[in-house]
Amino acid sequence: MLIDQFDRKINYLRISVTQRCNFRCLYCMPKIPFDYQPKENLLSFEELFLFVKATIDEGIEKIRITGGEPLLRKDLSIFIKMISDYKSDIDLAITTNGFLLKDFAKDLKNAGLKRLNISLDTLDHKKAKTLAQKDVLDSVLSGIDEALNLDLKVKLNTVALKNLNDDELISLLEFAKSKKAQIRFIEFMENTHAYGKLQGLKRDEIIQILSQKYQIQLIKKDEKAPVSIYKADDYEFGIIDPHSHEFCDSCNRIRLSAEGLLIPCLYFDEASSIKEAVRKGDIKAAVEILQEVLRNKPEKNKWSVVDNETSSRAFYQTGG
């Protein structure tokens with residue numbers, strides 16, 4: 001079992017398999033980065049799996065594959081199959097922008113994937129092109145339909161932004177309901193790589209907008225994640241509210257970057273590399289590095305909205 005210095009059980013591993021993305025979303029990576037790691041600096045899927053297997057043995061129960069855009073990484077379905085074959089009942093999911101999903105959904109399902117989180121910030125073609133700086137909406141919607149047709153469980157993620165999609169929150173909720181998918185509205189998390197003029201909606205503002213049409217009722221607050229579950233009449237949706245709901249006391253996650261950096265907290269600059277240990281085949285040493293990272297995992301993040309601090313680490317490097 002993995003326990004940090006504050007007696008928190010760590011059972012959730014988020015793996016960023018690539019920094020690259022085919023969108024240039026205003027809230028994440030509006031400009032082409034100059035800090036992409038060359039391919040040789042990235043851990044191969046075989047190397048990643050050696051470490052992942054060890055973390056499962058140590059108590060990891062949930063794995064989320066992220067990016068960048070994970071579907072840009074060649075042979076991702078092979079990596080999914082490695083994990084699924086090793087532990088078929090592990091909670092294994094991918095977060096994707098959905099653009100390539102129509103082409104890859106079947107392979108992912110056959111590899112053992114059961115769940116997807118898909119970004120959907122707007123149903124308007126013009127706004128989608130503004131947000132992603134690319135004409136993406138038709139491909140994303142096709143990807144969502146393909147995943148649902150294959151009986152993959154789908155959650156839709158919407159970053160709620162003032163003057164961009166705040167007039168669509170009800171429409172997005174109703175779209176998700178029509179697809180029998182759960183939507184989760186996300187408070188914008190400030191970071192130094194985002195477009196500087198963006199302003200996000202807070203939880204209460206999201207609820208206020210949805211309340212214009214629906215009776216909103218809080219039904220569940222997950223203490224191990226910054227998500228609260230609500231009902232709009234008979235439909236359940238989520239709000240991921242890091243501004244409004246501090247969950248550090250029960251944080252259960254650790255992050256691994258594509259180049260082998262173990263990151264204890266999204267808003268914490270320190271990180272430790274397992275690359276050398278893994279490439280030497282010394283998985284015991286890699287696990288010891290993981291345990292040391294957990295001993296140094298902070299009690300709380302260093303994000304202070306009052307002081308207008310932002311994350312200096314790019315979310316496309318850590319998967320958000």
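Don't overthink the numbers, they just go from 1 along the chain as shown.
The backbone N, Cα and C atoms fix where each Cβ goes, glycine too.
For the GTP site, Swiss-Prot records Arg14, Arg64, Thr95, Arg253, Ile254, Arg255, and the single candidate of Lys153, Lys155, Lys197, Lys202 listed with them is Lys155. The residues near the [4Fe-4S] cluster 2 site, meaning same-chain residues not in Cys248, Cys251, Cys265 whose C-beta sits within 8 angstroms of the mean position of the site's C-beta atoms, are Phe247, Arg253, Pro264, Lys297, Pro298, Glu299, Lys300, Asn301, in sequence order. All protein chains shown were included, and the count of other CB atoms within 10 Å of the CB of Arg255 (GTP binding site) stands at 24. In the three-state DSSP assignment, the secondary structure recorded for Arg14 (GTP binding site) is strand. Here the candidates are the binding-site residues Tyr27, Gly68, Met189. The one whose C-alpha lies nearest to that of Arg14 (GTP binding site) is Gly68.
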